[in-house]
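As given in TrEMBL:
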TRANSMEM  16-37  transmembrane segment
DOMAIN    54-150  domain 'CAAX prenyl protease 2/Lysostaphin resistance protein A-like'
TRANSMEM  57-78  transmembrane segment
TRANSMEM  85-102  transmembrane segment
TRANSMEM  108-125  transmembrane segment
TRANSMEM  137-156  transmembrane segment
Amino acid sequence: MSDIFKVIAIPKHRNLYFFLVFFLIEEMTNWGAYYLFDHFSPGFADIEEYHKQGLTFTFVLLVIVAPILETFFAQFFILEVLRKLKVSASISVVIAAIVFGLFHYYNIWYILATIISGFVFAYYYMALRPQGKWNKILLLIALHAMANIVAFFSTYA
C-alpha cells in the first residue's frame, strides 16, 4: 500500500525547532477545531467529569497521566504494531489519530476535534522514529503535556 503523504524524519539536532513547530501546529489546529465545532455544538468541550474533581487532581490527570497513557496506547502501541504489520506510515498515522480521538468519547464533536490533535501527535511520533524509542516517546509526552497545560489554563484560569 502506498503512502497518502510523506512522513519526514526529524534530525536530532533539530529537536527543539520541530518541537516548537509541532506545538504551534497542534495549538493552531486545536483552537481552530474548537472554534469551528463550538459553532455547531456550543460548550461541546465543557466536560462535566473534570469540573467535579479538584483542580490539583484535574491538573495531574490532564498534564501528567493522560499524556503518558495516551502516548503509550494511542501512539507507541498502535504505531509499532502497525509497523510490524507493514502498514504504510501515512495509513498508520490516520489510524492512530482515529484511535486517539475515540479515547476522547465525550461527544462526537470532541472526538472529531481530538482526531486532529491525534493526527499531529501520531505524525510527530513517526517523524521521530529514526531517533530511537525513548526520544520519540519522551518528546511526544512533552508535546502532549504542553498542549494539555494550555488547555487546562484556558479552561480553569
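Using the three backbone atoms N, Cα and C, a Cβ is placed for every residue, glycine included.
Within the same chain, residues 1-7, 70, 73-75, 78-79, 111-119, 121-123, 125-126 sit at least 6 positions outside the transmembrane segment (85-102) and bring their C-beta atoms closer than 8 Å to a C-beta of that stretch. Long-range Cβ contacts of the transmembrane segment (16-37) within its own chain (Cβ-Cβ under 8 Å, at least 6 residues beyond either end) map to 10, 44-45, 109-110, 112-113, 116-117, 120-121, 123-124, 127, 139, 142-143, 146-147, 150-151.
Summarised as a single figure, the pLDDT of the domain 'CAAX prenyl protease 2/Lysostaphin resistance protein A-like' (54-150) averages 95.
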